[in-house]
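To keep things clear, I will list the structure first and then write my remarks on it.
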Amino acid sequence: MADTAVGATTEPEHGADPSRRDFIYIATIAAAAGAGASLVWPFVDQMNPSADTLALASTEFDLTKVADGQQVTLKWRGKPLFVRNRTKAEIAAAVKDDTAALKDPQTDAERVKPGKAQWLVLIGSCTHLGCVPTFGGGDYGGWFCPCHGSHYDTSGRIRKGPAPKNLAVPEYAFLSDTKVKIG
Amino acid sequence: MSGHSTYEPKTGFERWLDARLPIVRLGYDSFVDYPTPRNLNYWWTFGGILSLCLASQLITGIILVMHYTPSADHAFASVEHIMRDVNYGWLIRYMHSNGASMFFIAVYIHMFRGLYYGSYKAPREVLWILGCVIYLLMMATAFMGYVLPWGQMSFHGAVVITNLFGALPIVGESITTWLWGGFAVDNATLNRFFSLHYLLPFMIAGVVILHIWALHVVGQNNPTGVEPKSKADTLPFTPYATVKDGFAMSVFLILFAFFVFYMPNALGHADNYIPANPLVTPSHIVPEWYFLPFYAILRAVPDKLMGVLAMFGAIGCLFALPWLDTSKVRSMRYRPTAQMYFVIFVVACIILGFCGAKLPDDQVIPHVTTFKFIDADLNSFVWLSRIATLYYFGFFLVILPILGLKETPLPVPDSIASPALSPAEKG
């Protein structure tokens, strides 16, 4: 463009109406930004779980395989799942601690199905950084995470250590007295 | 530093090319005629060593990919196939895995050099920040590369590190699911890590070019921290720096070869020779040695989110460093008080690395029980790492800002050349 200071009157105006040109600029930029933004989503969303991963999200399990006081670990959604047949003493210890100072307060009854207090179903992934806690260690007779020292009680509630939450109870339902559907 | 070019094309072809793509001129101006401060010591040779490391990692990596299978079912077996069946596969894999360690040894020396001699100070802030970006990219690349063999340690290391993002409030869970591409670290995760592990080194190479570009605009710092003022302060890059760097690289390659040929697994963890099993966690998860200080900082904080923030903050401090150090004197050679705090800082970093390798509840001095404080015995590695973490942040956020204003530095020489020349010659 020519120097505007030289002859403001001699230079003929290119656009008859400069505001119309501004409108075209803004509209073009807006359209490009909109198209760009909508194109981002497919590239972000492709990272989310794919359809086949989501399809494998539920499983059925026969509880007769788990004896009294025993725990079975199965793989569900790529993570370990603990199905524990709790002893009377374990249940009693868990219920007694309902009133203790809990980091993530929950009663034992909220973590099991009504009338099925012996069955505790947990996602076996420490709520700190996802290691697999082992049963029988720690200060509360429940699970202990060896990686960073989180102690869980017999209800799988966090009692001590860096984990912020109780061991998660997945969505599950009793299909019969001996069969559960998880997920 | 970027004065006018003294390159003179000698052959007809060079003249023809120079008029069309002056790439030989660029190389000549950057690596032959380029003036370097005459007093550079061997701490300055790690830049060259780092380019060697990057080249070595790129070449060996591209070759390994020709034999590796990025699949949860076959990854572990394909690495064993490389080790046993591929011609010289063992050599190339060991060069790649130990090369990563060599890369970090060199980068840590390079960074501590920068810290000591104030290489981050004006006008080199952008140069320093680009270096920090390279370091971050290196960390991401090394982490993702470590996951690829799909052994127990690498698998569960990936579980722990990706779970860090779960510490974020509200969005944490969806972000981890998004990172995993499923409900846990699985095949989808392995595949994207593989893709990114291939991509990031080229991004590193890109930022390295910017880093060198920035270096050539502002010129190299030097042990006195005084900018070159006359021709007497500098020497041409070739042959002086070239030969010196060549010698240092040879020595470095001897160390590299020693690891590759005599103790190739010394820097790795034995558990990574067990195929990944999502149902069993190794009793003690440790990252590779170069991440141990940050791992110790993570574990030093008894809260998950705060631990994660402290760990990232430890790297964040490096980015802010040019504005945290208030001293007018650049090189710590003339800052005796700062020197002392710097030495403690290096020791604190080493202690953190040591703590990161230990179980947090283990005792530092065996069989001595002191009293409990917060959630652990004072005589434990978690408390030792807490103290070292405090010093780490204290050094950046308290000591450097205050010290720069309070200390009395030694007299700084007028020029690089003046301490070497007699007063008469100085004229």
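Just so you know, the numbers here start at 1 and follow the chain as drawn.
Each residue, glycine too, has its Cβ placed from N, Cα and C.
The shown structure was predicted, so the numbers you read here are calculated from the model rather than taken from an experiment.
The domain 'Cytochrome b/b6 N-terminal region profile' annotation in TrEMBL covers B:13-224.
Tertiary neighbourhood of the transmembrane segment (B:42-69): same-chain residues 75, 77-79, 81-82, 86, 89, 92-93, 95-96, 99-100, 102-103, 106-107, 109-110, 113, 116-117, 145, 148, 198, 201-202, 204-205, 208, 215, 220, 222-223, 241, 244-245, 248-249, 252-253, selected by CB-CB distance under 8 Å and a gap of 6+ residues from either end. The transmembrane segment annotation in TrEMBL covers B:42-69 (among others).
Per TrEMBL, transmembrane segment is recorded for B:90-111 (among others). A Cβ distance under 8 Å defines the sequence-distant neighbours of the transmembrane segment (B:90-111), meaning residues of its chain 6+ beyond its ends; these are 43, 46-47, 49-50, 53-54, 56-57, 60-61, 63-64, 79, 82-84, 131, 134-135, 138, 142, 145, 252, 255-256, 259-260, 264, 267-268, 288-290, 318.
For B:HIS96 (heme b b562 binding site), the same-chain residues 6+ apart in sequence whose C-beta sits under 8 angstroms from its C-beta are B:GLN57, B:THR60, B:GLY61, B:LEU64. Taken from TrEMBL, the feature heme b b562 binding site applies to B:HIS96, B:HIS197.
Annotation for B:HIS211 (heme b b566 binding site): spatial neighbours B:LEU127, B:LEU130, B:GLY131, B:ILE134, criterion Cβ-Cβ under 8 Å with sequence separation of six or more. The annotation heme b b566 binding site is assigned in TrEMBL to B:HIS110, B:HIS211.
Residues or ranges marked as transmembrane segment in TrEMBL: B:126-148 (among others). Beyond its flanks by at least six residues, the transmembrane segment (B:126-148) meets 61, 68, 70, 75, 79, 100, 103-104, 107, 110-111, 114, 119-120, 154-155, 157-158, 161, 189-190, 193-194, 196-197, 200-201, 203-204, 207-208, 210-211, 214-215, 218, 287-288, 290-291, 315, 318-319, 321-322 of its own chain at Cβ-Cβ distances under 8 Å.
What TrEMBL lists as transmembrane segment is B:160-180 (among others).
As annotated by TrEMBL, transmembrane segment applies to B:200-219 (among others). Same-chain residues lying 6+ beyond the ends of the transmembrane segment (B:200-219) with a Cβ under 8 Å from its Cβ atoms: 1-2, 30, 34-35, 37, 47, 51, 54, 57-58, 61, 123-124, 126-127, 130-131, 133-134, 137-138, 140-141, 144, 227-228.
Other Cβ atoms within 10 Å of the Cβ of B:HIS216 (ubiquinone binding site) number 16 in total over all chains. According to TrEMBL, the feature ubiquinone binding site maps to B:HIS216.
If you look up TrEMBL, you'll see B:227-414 marked as domain 'Cytochrome b/b6 C-terminal region profile'.
According to TrEMBL, the transmembrane segment annotation covers B:240-263 (among others).
Through the fold, the transmembrane segment (B:305-324) approaches residues 111, 115, 120-122, 124-125, 128-129, 132, 135-136, 139, 164, 167-169, 293-295, 297-299, 389, 392-393, 396-397, 400-401 of its own chain, all at least 6 residues removed from its boundaries and within a Cβ separation under 8 Å. According to TrEMBL, the transmembrane segment annotation covers B:305-324 (among others).
The annotation transmembrane segment is assigned in TrEMBL to B:340-360 (among others). Within the chain, the transmembrane segment (B:340-360) has long-range Cβ neighbours (under 8 A, six or more residues past its boundaries) at 112, 115-116, 284, 286-287, 289, 291-297, 299-300, 332, 376, 380-382, 384-385, 388-389, 391-392, 395, 399, 403.
If one looks beyond the transmembrane segment (B:380-403) by at least 6 residues along the same chain, the residues whose Cβ comes under 8 Å of a Cβ in the stretch are 293, 296-297, 299-301, 310, 313-314, 317, 320-321, 324-327, 335, 337-338, 341, 344-345, 348-349, 351-352, 355-356, 358-364, 373. Marked as transmembrane segment by TrEMBL: B:380-403 (among others).
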Rounded Cα-Cα span from B:HIS110 (heme b b566 binding site) to B:HIS216 (ubiquinone binding site), Å: 17
DSSP-derived structure type at B:HIS96 (heme b b562 binding site), helix or strand or else coil: helix
Separation of alpha carbons, B:HIS110 (heme b b566 binding site) and B:HIS197 (heme b b562 binding site) (Å): 23
Intrachain neighbours beyond the transmembrane segment (B:240-263), with Cβ under 8 angstroms and 6 or more residues off its ends: 31, 36, 38, 40, 42, 45-46, 48-49, 52, 91, 94-95, 98-99, 101-102, 106
Secondary structure at B:HIS211 (heme b b566 binding site), reduced by DSSP to three states: helix
Residues near B:HIS110 (heme b b566 binding site) in space but at least six apart in sequence (CB under 8 A): B:PHE46, B:GLY47, B:LEU50, B:GLY131
